[in-house]
Amino acid sequence: MSHLKDPTTQYYTGEYPKQKQPTPGIQAKMTPVPDCGEKTYVGSGRLKDRKALVTGGDSGIGRAAAIAYAREGADVAISYLPVEEEDAQDVKKIIEECGRKAVLLPGDLSDEKFARSLVHEAHKALGGLDIMALVAGKQVAIPDIADLTSEQFQKTFAINVFALFWLTQEAIPLLPKGASIITTSSIQAYQPSPHLLDYAATKAAILNYSRGLAKQVAEKGIRVNIVAPGPIWTALQISGGQTQDKIPQFGQQTPMKRAGQPAELAPVYVYLASQESSYVTAEVHGVCGGEHLG
């Protein structure tokens, strides 16, 4: 009997109820709760005894990656904002149920001191580090440039771009040959929305920084690749990432006619972390429901 499923209906296809949470949002309080593979992702030992740091690992795409890494046999450290402790504790429980070590490292990635120390704390707690999945990001929709403040513009770049620089600069000397860095850009790097000027600009910066870094560290045996999600149902969207009028139809403009779920990105983060992608570096992997990159 075939286990094939229709991808257009495999996950939630209805309208999303309007809902607003303070930034950064708590996934457990969303309706519907995003699917991060808690009940569905099955590992096969592809990352046995690897050591992973996942930023934004409490919810959304980062949570899905962290769960998948643990089920593939890796020990996992996650970073998150202190207000996201509820979601983070849930991820910790799931990782430990896999028989793997879970390390919680709360803090603000826009703080250079914290971001730089995060790498060393994860390395120490895990007894090494060979996977970095950099997922955490800031997205706040502002329809009119007149309302976009310098404070928000700077904060978005600090979390999305400067933290990427701080984290990777600290990590490169610590990473062994065979290590993998996975950054998170967006379809917004290619098709910027008018209400996401600062966010889209950071995602283009991530793309080029990652490609350049990949070429620089290739001779060290370290790979760097980029995941570019399309519209994915996460706490980012309901905590200011979209205006409320866009929530009900979120993702329905794609050829798949629905938003993606974080669980649908987890296999990409696993593949790029694994030895199966040994000849893959400086590449962008879109997960956009049929929307094209470029």
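Don't overthink the numbers, they just go from 1 along the chain as shown.
Quick reminder: no glycine exception, Cβ is built from N, Cα and C everywhere.
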**Asked** Considering the residues LYS29, LYS39, LYS48, LYS113, which is the one that Swiss-Prot annotates as N6-acetyllysine?
**Response** LYS39
**Prompt:** Near TYR69 (NADP(+) binding site), how many other Cβ atoms are within 10 Å of its Cβ?
**Reply:** 32
**Request:** Could you check what DSSP calls GLY73 (NADP(+) binding site) once collapsed to helix, strand or coil?
**Result:** coil
**Asked** Does anything in the same chain, at least 6 positions from ALA65 (NADP(+) binding site), have a Cβ under 8 Å from its Cβ, and if so what?
**Response** VAL54, GLY57, ALA133, VAL135, LEU265, ALA266, TYR269, VAL270
**Prompt:** So which of the binding-site residues is most packed in, judged by how many other Cβ atoms lie within 10 Å of its Cβ, out of LEU53, ILE61, ALA77?
**Reply:** ILE61
**Request:** Would you please pick out, from the binding-site residues GLY57, GLY73, the one with the fewest other Cβ atoms within 10 Å of its Cβ?
**Result:** GLY73
**Number of helical, extended and coil residues in the region 'Disordered' (1-32), per DSSP** = 3 helix, 0 strand, 29 coil
